[in-house]
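To keep things clear, I will list the structure first and then write my remarks on it.
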Amino acid sequence: MDLEAGSIRPRSDGEGGGPAAGRETDDSNVWKDLFLAYKTLGVVFGGLVTSPLYVYPSMNLSSPTEADYLGIYSIMFWTLTLIGVVKYVCIALNADDHGEGGTFAMYSLLCRHADIGILPSKRVYAEEDPLLHSQSAIARRPSRLGKFFEQSITARRVLLFVAVLGMCMLIGDGILTPAISVLSAIDGIRGPFPTVSKPVVEALSAAILIGLFLLQKYGTSKVSFLFSPIMAAWTFTTPIIGLYSIVHYYPGIFKAISPYYIVHFFLRNKRQGWQLLGGTVLCITGAEAMFADLGHFSKKAIQIAFLSSIYPSLVLTYAGQTAYLINNVNDFGDGFYKFVPRPVYWPMFVVATLAAIVASQSLISATFSVIKQSVVLDYFPRVKVVHTSQHKEGEVYSPEINYILMVLCVGVILGFGGGKAIGNAFGVVVIMVMLITTVLLTLVMIIIWRTPLVLAGLYFVPFFIMEGAYVSAVFTKIPEGGWLPFAVSITLAMIMFGWYYGRQRKFEYEMTNKVSLEHLGELLARPEVQRVPGLCFFYSNIQDGLTPILSHYIKNMSSLHTVTIFVTLRSLLVAKVDQSKRILINRLGPNGVYGCTVQYGYADNLSLEGGDDLAAQVTSCLQWHIQMDTDGRRSPEEEMAQLEAARLAGVVHVRGKMRFYVGEDAGWFDKIMLGFYEFLHGICRSALPVLGMPLQQRVEIGMLYKV
């Protein structure tokens, strides 16, 4: 096995199979990686590679000179090199969580290795994680920093807030990328036709986005095969135009690679130069997708695609744009279309529009995935999540989120109008996500990889200073449009925190008032309690004990089904749960009463393809458990007969619906937060429809909890 950057990776099939077998496997892997690298062009890099459409138009330049443009290009070159190549390609892609990437994947990785999750039900221990289980006891021993997080609830809450903020900013990216990409592409129509007004461009852009959002429910499988060719055409044509501009306008542009031009730029422009960082930061837009989309592609494929095509394409395209602008210093307001030669103007307009649509689709799909992960882990109110492809598990769609995104995207276009105002808002999202990644990645280095503090500091200090400078610059844009992502992120964070707080209080109440097996036996021994025919799936949120709603149910209904299975849906801070560990069954003691835990990770499909299928899977696991477990008080044949008779009598799914009753003596914080939670709980979907239970088999039992 190979140990690489803290993750363990099994040998490939060709290793150890002889020289010929090894060469065949290596050749096969090379072609597979190249094909995956080609596919990443249409999914991963859409936002990054289309950034030349709006970087220069988003800058607030005032009488720029040749020296200014050389300094700006030098800043963009080193930003792409340091953040794109060094940070993401060389370092961040190694901080995966079982192949999944992104800020929340790093958070889940930290929670497992240092046991710093907030809710006990969300923690994962060594026996549940094959990576942790395979490590030695010394490797699993927490570091000093890990112990600090374990002992400080405040530090753990801050860490959760940082991870949640990263998710909220990514959702903000899903609002702004479609708006700025499509608007910047369609704005090219005003070049040949100056009489076309900006409101017409905005209306066309809004119409395209509305059509794109309305098509989301059909999935992208039928058209996704076009994404990579479109982005490949864009990726390879823009640098060709860039080379033409370099030769034609300014052959010496690459002298700007020298950091001297950055120093000279800031010394010359001082405060204005610092403020211009709010525009240059957009050159790295979409780089976070390299890490966030790691679960859909291999690390090597993303590295190959970025280093062989995306990075050279952006370097040459920006060099060509800058070379053109040095000779046409006042054309920065339309810095992309002005540098496109007239003979290829309309073909490039078509390619740019299609590329902007593909980039928008990539961010919309990423937003759906983030929302799905949050719902699965119970950090976000339940919304409908539909899998639009039978072959691609990660292809999901949420109707509620889709229409909210559509309204916000169209509102951004019509409300902000120009790309410069949207660019101000966009810069805040871009750099905040990257700064959060830097912080979490440093924690991963120290706590998990056990990187010496000196080496971790060599990573953290330069990137924190560079990204901190960008953050300070984009914060000055808050009055000019930068407030939008903050408003969206704060709203989302309030929703997630309110939901989390209510779920935590509910969990604490259930743990305090849980029903023990002894108490269940006493309830069933009462003469008025009858065992009625049927198979009952009784859903609970706790593993150790039974939900207090059970006592409420038995006392009021005076009955319990002959076979009752208490089902706990347990979300783990892992990407995926092995199928063999998905459903766990155990006997609880009383006749016909069993416990079942359904485990899933944040990248798993929560739905088990319909209620009948869930009943069949759990029943099948229970039958196997009965046959293998010889410690029962009754014979396996007798228990099997009872289970079959109960199944034939009818299946019912029972879920408790506990509501908070906030009394007059409750504190002001509880009144606000629990009232907000009750509002969210009232408008969100029930857990049973999310699992696909048939309507006629569902029963909900209400119970009030006085605070």
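Every residue, even glycine, has its Cβ placed from backbone N, Cα and C.
Remember, it's a predicted structure, so these values are computed and weren't measured experimentally.
When the residues ASN60, ASN556 are compared with Swiss-Prot, the one annotated as N-linked glycosylation site is ASN60. Both GLY102 and THR388 carry the same topological domain label in Swiss-Prot, so the record keeps them on one side of the membrane. Through the fold, the transmembrane segment (35-55) approaches residues 76, 84, 173, 177, 180-181, 184-185, 224, 226-232, 234-235, 238, 279-280, 282-287, 289-290, 293, 296-298, 301-302, 304-306, 308-310, 313-314, 317-318, 321, 335-336, 352, 355-356, 358-363, 365, 419, 422-423, 426 of its own chain, all at least 6 residues removed from its boundaries and within a Cβ separation under 8 Å. By the Cβ criterion (under 8 Å, sequence separation of 6 or more), the transmembrane segment (195-215) is not in contact with the transmembrane segment (277-297), since fewer than 3 such pairs are found. Tertiary neighbourhood of the transmembrane segment (481-501): same-chain residues 118, 161, 164-165, 167-169, 171-172, 175-176, 374, 378-381, 408, 412, 416, 421-429, 432, 474-475, 673-674, 676-677, 680, selected by CB-CB distance under 8 Å and a gap of 6+ residues from either end. Shown for the topological domain 'Extracellular' (327-343): DSSP residue counts in helix, strand and coil, namely 9 helix, 0 strand, 8 coil. DSSP assigns ASN60 (N-linked glycosylation site) to coil in the three-state reduction, placing it in neither a helix nor a strand. Contact count against the transmembrane segment (223-243) (Cβ pairs under 8 Å) is highest for 344-364, out of 158-178, 344-364, 403-423. The Cβ of ASN60 (N-linked glycosylation site) has 15 neighbouring Cβ atoms from other residues within 10 Å, across all protein chains displayed.
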